[in-house]
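Database features, via TrEMBL:
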| type | residues | note |
| --- | --- | --- |
| DOMAIN | A:25-145 | domain 'Alpha glucuronidase N-terminal' |
| DOMAIN | A:149-467 | domain 'Glycosyl hydrolase family 67 catalytic' |
| ACT_SITE | A:E306 | active site, proton donor |
| ACT_SITE | A:D380 | active site, proton acceptor |
| ACT_SITE | A:E408 | active site, proton acceptor |
| DOMAIN | A:468-692 | domain 'Glycosyl hydrolase family 67 C-terminal' |
2 protein chains.
Amino acid sequence: MKKWLLILFVILIYNSVSAEDGYRLWLRYNTIDNPALLQQYRQQITSINCPVDDGKLVAANQELQTGLSGLLGKKVPAQPAIINGAVLLGLPERSPVIRKLVADSALAHLGDEGFIIRTVMYEGKNITLITANKEAGILYGVFHFLRLMQTQQPIRQLSITSAPKIKIRLLNHWDNLNRTVERGYAGSSIWDWQRLPGYIDQRYIDYARANASIGINGTVLTNVNANAIILTDEWLQKIAALANAFRPYNIKVYLTARFSAPVEIGKLKTADPLNEEVRKWWKDKTDEIYKYIPDFGGFLVKANSEGQPGPQNYNRTHADGANMLADAVAPHGGIIMWRAFVYSNETPEDRFKQAYNDFKPLDGQFRKNVLVQVKNGPIDFQPREPFHPLFGAMPQTPLMMEYQLTQEYLGFATHLVYMAPLFKEVLDADTHAKNNSTVAQIVDGTTDGHTLSGMAGVSNIGSDINWTGHPFGQANWYTLGRLAWDNTLTSAQIANEWLRQTFTNKSAFVDTVQKLMLASREIMVNYMTPLGLHHIMGYGHHYGPAPWYNKAPRADWNPVYFHKADSIGIGFNRTATGSNALAQYQPAVRQQFEELATCPEAFLLWFHHVPWDYKMHSGKTLWETLCDKYYSGVDSVRWIQRSWNGMKNYIDAERFSEVKQLLAIQEQEAVWWRNACLLYFQTFSNKPIPARYEKPDHTLAYYEGLEFPYAPH
Amino acid sequence: MKKWLLILFVILIYNSVSAEDGYRLWLRYNTIDNPALLQQYRQQITSINCPVDDGKLVAANQELQTGLSGLLGKKVPAQPAIINGAVLLGLPERSPVIRKLVADSALAHLGDEGFIIRTVMYEGKNITLITANKEAGILYGVFHFLRLMQTQQPIRQLSITSAPKIKIRLLNHWDNLNRTVERGYAGSSIWDWQRLPGYIDQRYIDYARANASIGINGTVLTNVNANAIILTDEWLQKIAALANAFRPYNIKVYLTARFSAPVEIGKLKTADPLNEEVRKWWKDKTDEIYKYIPDFGGFLVKANSEGQPGPQNYNRTHADGANMLADAVAPHGGIIMWRAFVYSNETPEDRFKQAYNDFKPLDGQFRKNVLVQVKNGPIDFQPREPFHPLFGAMPQTPLMMEYQLTQEYLGFATHLVYMAPLFKEVLDADTHAKNNSTVAQIVDGTTDGHTLSGMAGVSNIGSDINWTGHPFGQANWYTLGRLAWDNTLTSAQIANEWLRQTFTNKSAFVDTVQKLMLASREIMVNYMTPLGLHHIMGYGHHYGPAPWYNKAPRADWNPVYFHKADSIGIGFNRTATGSNALAQYQPAVRQQFEELATCPEAFLLWFHHVPWDYKMHSGKTLWETLCDKYYSGVDSVRWIQRSWNGMKNYIDAERFSEVKQLLAIQEQEAVWWRNACLLYFQTFSNKPIPARYEKPDHTLAYYEGLEFPYAPH
């Protein structure tokens, strides 16, 4: 026996070099490496008791088995009898034991997706129960329970009740039908359209598991720059196959609707949303979709924006367009997410203001099953933006938050930037629209009593083995889900639990890396766009700095439009003496931003054209402060590098080396941003970079001459 | 101790669920699952003895450690002393022991890459030595030794000498600078250009290991439809980073040269190969490349073909073009691979004949460091082609074989087709140019005494986790390397060793699956293009059947050009009464093909327009036989499915399910091919499909109406 054990043991050692290639994300379920805790967990958890059901608990049951077996390092058996240490899964309506143990009142506020986890004594046995009103809640409860163990939390006396703050929690994939991904930096699309519907890649299942584990309950599969072909029969079969794969994980599929589809694939002469034929076409098309996918989620629409067709082509409003689609999906319980990211080709108006100008007047005109999906800020996913002025301005309309996980403006998949602080900064902002009207409260429906609410993240997922290209890109996907479930979580909490699950529970590692994650976004702002600068990146591909660029076919695609540097100063005057975009905010917000003295430095150049010699609160001039910020950004990247180098012994060699290499690139590119921007702005300020700083190693002409015709875009 | 062991044991069990996702290819090194053999191997192998060298044996040493530790299920220590059971690695010049044990004469025929593996007694100790003239040989010897163990061969009394038959053994990547892959069906390019040179993906190392393990010693990184930008400074740095990653594995990098680069990036007015400025530009550019990559391999060129620029634009010959580049790389030891895949836009000549017409007259005019790279057949990688008539026709020129691993015409990455029989069929063909002039002997240099020789496979590799999309696509990559090393290996041998390493040594599995692999190519020919049909696939993307297609901008891109079906019969008359392409073969070959009676049925419609009522050797008519072949093809796919279903208990669930799903698609598509082709050809033959066969489930109009605007291409 001992010899047999030994042989098996050595076999296992050498077959268990399971590569830490990042594929497993935060669902690694490695056996607890703290022997005392392992012992304790094993005493607490001995078996799984899951009633025979109609198949809707299979995913939860299976995940629990996989997770517990991994974490406890032994098979945790399914047990029809409730024994000491059982984990009991089930709906009250199907489990008399749970009915007895959980009061109706406790279930009343869980909704369809919330759950209860409790440690209870039952007939002298210590058991853990996970219950909910619907199977989806149990699935989320299982993932929560596994998370507690993966992060090595106490589980002896649990009494947890949790329900999502937000109803629609989505990824938005900007994936095209040719398997490219717009603004994707992690390989090609994971949707292998060519082999769908026949081939269900294991990746689809693992995608669904990962999403379910963080509460994401839907996915928009296709690019907002939409293609009508996706709505044809052949493609709907592919979509249905994905929907089938995701359904056990409570994930609905949604599609983007190309507004001109009735013309392009329906052979109609118009796509006018008030035309009866058009309305019928969409109704029929929608009925067809629901035949394939009975729980189809609905449509996301980008209309009359950046060349996409929309209702304005027919002199109709966004509400007309959204309502037509809303009427088509309403009988099936579907929703429409209508994007507010619009700006007109013709209007010379400050781009900041255009979404508000277009949408605010439509408040109250949308159907009940329409959400208006608003980007976190008024321009376009910059490293820092003030909150979008539509938040708080459309009380009768549920506003859905749109974040961008893919790092279009944040260093592609090469820079380490943890986005939770960016997301939270916006959520925590007070719109002053009413009492209790932070952006978080607007979005989750608290402020205006909406029951429909939503939050979406533009996906950073691709075919790279580790899903997101940068190992830390996974943290942003993770954050989106966790914040959509509970917008009161702090950035630190989310980073902490992600690190523990994804890398290790060793505190020397977690403490250090959590610190650098939390600092990373501000560091990026400093080396890219400090003090409220925005949209000064390379044209088209958006790679690297190009504040000098002014050759775009429209003014508001040019960096010079946004920074407005001249011999006097720099920044976009959006006060009453300028574009007056600030008038779109509530007076309290407006006042704070409008006064130079009270405007936070972080937003200074968003709202003011500020003289180079302007004295900041510190007493230094604007120019000096700009230099300080850029240099500090680069220095901080070097600090991250040093911190990371100290982590070598705590984690696997593969991911350690990946991050180390990527940080080296980030440092080079931070230097590039700093040098290019300061040399360029210096041509206006005519002031020296302080002598204490390292000199730029190239000339401005060198930076201006760089071209990247094949940068991903 | 026992308790500690037990705990570790269970931990390992549950962490060792190493997913069989296909990433590890044939280098899995799982511990030998036959206890007796494991015991025996462990006795035979106890340690590794590798002399301190100048770093050039690191890869071999490391692979041996990884491989042996995995296979033996225990760490195999490095040992400075030679003990019983040592594996001794080293060059004779650095190891006195090896010098003593291996005679100079034994080393004399190994060349730079061959190796010796021998079991010997040394001072009473039983040891295994792996030696060679150069470090590369030792690397190959290590991989050979590990292969013996992975395939569970006896290793007690080894006496192996092996050297490659072919000098240049390459993959050709058709990878673009935007990370798409032309004719790629496995995700995006593994070359993550955006993050090169700073980021060396673990995938690059594993790519190099996999290639080295099968003897591939070079890789052309970029598409033959070339982009001059790759030759600019920024991109050469990326190439150099890859070259550095591959160098320890004896893999050289090559690039494709865009013939018009001197104009496009050199700002010259011409790319005329006889122009002095142009010649100097290429010389300088080449010198620059070699500064970055001292062992750069050279260029692969597609010129004056399908719109690519070339020397004919300046009324020069292919030889003029090739020689100009050859002169530029010659001082550095580089080579030029000049593709013979040319056919003119203007010439109405049978496309079959054009490469021969262009190149044969140039024999003798190429520099010594030029290979002319010839596709296996005269058209374009069809499921079956006769050997290319250039083989045997250019005795003074080394002809390099170009195969296509990516399944452009073979069902994309969805059909299971093992290509070794296709490759071997061509290699074994006798050109009758001289004595000893099979295609294999022409290509390996035997026939004409060339020392430069080459074989290339157009890569089927992409960013999908399992590299090739279809798990069995890996077998074709494997085959290319093994056949380039030793063109006498049989298809069965290669399939056998690949299966054992990639899946399992269990004979019930290996025997069954080897059988279906060996049959798979003929099965595909039967359901796609039986009896010598060719080039009848969908236009542009090449997906699915479209024998009716006749709208291409040039005649010889149309299926109707190739099958020439009419009321009388079907097939391309290439005899003297037709295009007379057969005149390009030696008389013995020509004769066999030219007579209907002697022409093998497999090539019938390649060379003859045959009446529908023509009596085949079987006594059946051509039409009946065509029907039989198509139906037999589908039936055989169903046989593969049944065979595979029986394999469930022998291998991992993940790959079992993947292949099962893909076979279901293959079956559907085989039916599609059969039905579409027979219904279409029936409009000419006016004969029924025999009643015993299942009826096509759609009309011809249905098949003709199918469109695939987003099929990968």
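For all residues, glycine too, the Cβ spot is worked out from N, Cα and C.
Minimal Cβ crowding within 10 Å, among the active-site residues A:E306, A:D380, A:E408, is found at A:E306.
Rounded to a whole number, the distance between the Cα atoms of A:E408 (active site, proton acceptor) and A:D380 (active site, proton acceptor) is 10 Å. On the backbone, the CA of A:E306 (active site, proton donor) and the CA of A:E408 (active site, proton acceptor) stand 17 Å apart. Counting residue by residue with DSSP, the domain 'Alpha glucuronidase N-terminal' (A:25-145) contains 49 helix, 24 strand, 48 coil. Secondary structure at A:D380 (active site, proton acceptor), taken from DSSP and collapsed to helix, strand or coil, is coil.
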